[in-house]
Amino acid sequence: TPVCPVAAMECSEKNLYAVQFHPEVMHTQEGTKMISNFLYNVCECSGDWKMDSIVEKTIEEILEKVGNGKVLCALSGGVDSSVAAVLLSKAVGNQLTCVFVDHGLLRKNEGDEVEEVFGPNGQYNLNFIRVNAQERFYEKLAGVE
């Protein structure tokens with residue numbers, strides 16, 4: 001383009017590739033073809049990937065690493081820690097303890113919503129601990145502008 005003379009690059013010694021645009025967006029001409037070429041011809045992906053197999057493999061890997069040990073999971077209620085908590089729970093069951101620190105800076109009722117989903121009456125049967133640290137956080141943040 002007039003503002004970006006380099007559209008793509010590679011480091012063949014390290015097998016690295018990069019593009020300076022978004023091939024996944026609709027207005028990129030041949031974007032789908034580029035992604036397909038990269039996946040199947042460059043990376044040699046087989047195309048038989050299924051989400052279920054990722055979950056099963058992840059659970060097996062967790063079991064292998066944890067064994068009979070205990071696991072402590074910091075649960076924020078966000079996507080990443082929530083997925084991690086559910087996968088850990090499926091893998092190790094009651095060997096897992098999830099700690100949710102309510103720091104008082106969440107959206108209205110969000111702490112209660114996290115507890116509804118993951119707490120004692122939630123759908124995942126987790127060992128769930130909710131720590132009310134609102135005052136502690138507010139004290140430390142006093143005067144911050």
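Each residue, glycine too, has its Cβ placed from N, Cα and C.
Secondary structure at ASP80 (ATP binding site), as computed by DSSP, is helix. Around the Cβ of ASP80 (ATP binding site), the same chain contributes no residue under 8 angstroms that is 6 or more positions distant in sequence. The ATP binding site annotation in TrEMBL covers SER76, GLY77, GLY78, VAL79, ASP80, SER81, SER82.
Look at TrEMBL and you will find 49-145 tagged as domain 'GMPS ATP-PPase'.
Counting only same-chain residues at least 6 apart in sequence, those with a Cβ under 8 Å from the Cβ of GLY77 (ATP binding site) are PHE100, LEU106, GLU110, GLY111, GLU113, VAL114, VAL117, PHE118. Sequence-ordered, the extra residues of this chain that approach the ATP site, with Cβ no more than 8 Å from the Cβ center of SER76, GLY77, GLY78, VAL79, ASP80, SER81, SER82, are LEU75, VAL83, ALA84, ALA85. Contacts of SER81 (ATP binding site) defined by a Cβ separation under 8 A and a same-chain sequence distance of 6+ are given as CYS73, ALA74, LEU75, in order along the sequence.
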